[in-house]
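Q: Below are the features listed in TrEMBL for this protein:
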- 1-12: compositional bias 'Polar residues' (COMPBIAS)
- 115-410: domain 'CDC20/Fizzy WD40' (DOMAIN)
- 1-23: region 'Disordered' (REGION)
- 161-202: repeat 'WD' (REPEAT)
- 244-275: repeat 'WD' (REPEAT)
- 379-410: repeat 'WD' (REPEAT)
Amino acid sequence: GKSGSKIQSTPTKAGGDRYIPNRSTMQMEVANFLLTKENDPAEESPTKKEQQKAWAVNLNGFDVEEAKILRLSGKPQNAPEGYQNNLKVLYSQKMTPGSSRKNGRYIPSMPDRILDAPEIRNDYYLNLIDWSSQNFLAVALDNSVYLWNHTSGEIIQLLQMEHPDDYVSSVSWIKEGNYLAVGTSNAEVQLWDIQQQKRLRNMTSHSSRVGSLSWNSYILSSGARTGHIHHHDVRVAEHHVATLAGHTQEVCGLKWSLDGRYLASGGNDNLVNIWPCTQGDSGDFAPVQTFTQHQGAVKAVAWCPWQSNVLATGGGTSDRHIRIWNVCSGTCLSAVDAHSQVCSILWSTNYKEFISGHGFAQNQLVIWKYPTMAKVTELRGHTARVLNLTMSPDGATVASAAADETLRLWRCFEMDPIKKKEKEKANSAKSSIIHQGIR
């Protein structure tokens with residue numbers, strides 16, 4: 001370089017240059033002693049060796065044998081505690097913790113039970129099965145309704161339509177499970193007492209078949225082929241208390257939210273309407289939200305059990321999408337292409353998941369994670385399109401009714417026994433608090 005310029009020198013690093021070792025760390029005197037010691041042919045007794053080791057530790061603060069620079073035999077030295085080799089991440093053959101993590105719980109791919117459902121109507125717009133809080137599964141088979149007691153296995157024929165051309169088009173249990181509402185093709189809404197196995201009343205206000213039903217306490221809402229929804233107060237003689245006119249075609253999906261604030265309706269006109277529980281100032285009911293994004297009939301409507309303002313909806317053959325909505329803001333939180341007709345959606349009460357039932361081409365059930373919308377698993381077995389889904393009162397089993405004239409019971413939301421006990425404890429604590437409040 002030019003005169004006057006500084007001469008550059010290699011910066012000194014702690015630990016020395018990678019080619020020239022730092023001698024201060026190598027204990028050269030000890031190495032010299034070991035090399036000369038190896039030329040000494042005299043054999044030492046084990047006692048003498050132990051004595052030398054003790055002296056070495058006292059004098060040097062370390063064992064001379066452990067301080068060899070190159071160790072050609074014996075066990076490899078253990079790495080100090082907390083030491084991590086950065087190259088291990090790059091060259092390790094083992095699976096990384098992320099990929100070796102368990103996939104989660106075991107979900108049986110086969111149904112727990114298969115029941116015959118002869119003459120079940122292969123009609124997308126009808127709602128033909130429902131599972132009560134008292135563990136009775138109601139199934140509409142053409143012009144009859146059967147009850148299957150899941151606890152005992154007993155089967156009861158509850159009713160048969162008087163006219164052979166009439167058929168049952170919908171069934172829905174009241175929350176307490178002691179009354180069953182039945183919609184028919186001749187525009188009736190019947191109410192049945194399960195203990196007595198008797199019809200309590202026959203409510204006629206519609207002019208076409210009643211394909212969907214949903215309860216909100218003592219108010220029973222029914223959706224008809226005309227597109228009208230009627231509210232029935234089942235306690236009074238003049239049962240028809242309101243008409244909701246927001247659909248131009250058949251109402252095939254109908255669900256009250258768990259808190260009873262909103263009624264969601266889906267129709268063959270591809271619309272989803274969200275209705276309030278109370279009338280507006282004009283005395284009429286008007287939807288608080290109308291969602292128009294679906295390109296097919298909307299039969300699958302389901303409220304999230306842990307987020308009261310979140311609704312899942314699914315579209316028919318020309319749409320095939322599952323959409324999640326915030327009904328307060330009116331925003332679509334997420335949408336996923338299911339690649340097949342969506343007939344039904346149920347939210348799990350045991351996991352942050354939901355299950356959907358499908359038609360052409362796979363006729364399968366799909367479990368989805370929420371809110372990621374990742375597919376957990378697919379349940380196959382039906383040989384024709386799935387028509388309806390319903391869930392057992394404990395939330396562990398899903399029943400699917402399909403056009404292959406079978407009902408299949410899938411134990412897909414079985415709880416871990418420890419978690420189950422914790423949940424039962426929490427529920428019993430809640431109920432005891434309620435009882436204390438009443439006293």
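Heads up, the Cβ atoms here are built off N, Cα and C, so glycines get one too.
It should be emphasised that the depicted structure is a prediction, and the values quoted were computed from it without experimental measurement.
Tell me about the setting of these features in this model.
A: Here the repeat 'WD' (161-202) returns a mean pLDDT of 97 for the predicted model.
Residues in the repeat 'WD' (244-275) partition by DSSP class (helix H, G, I; strand E, B; coil) as 0 helix, 18 strand, 14 coil.
Residues 107-120, 122-124, 126-135, 137, 139, 150, 341, 343-346, 348-350, 355-360, 362-367 of the same chain, all 6+ positions outside the repeat 'WD' (379-410), place their C-beta atoms under 8 angstroms from a C-beta of that stretch.
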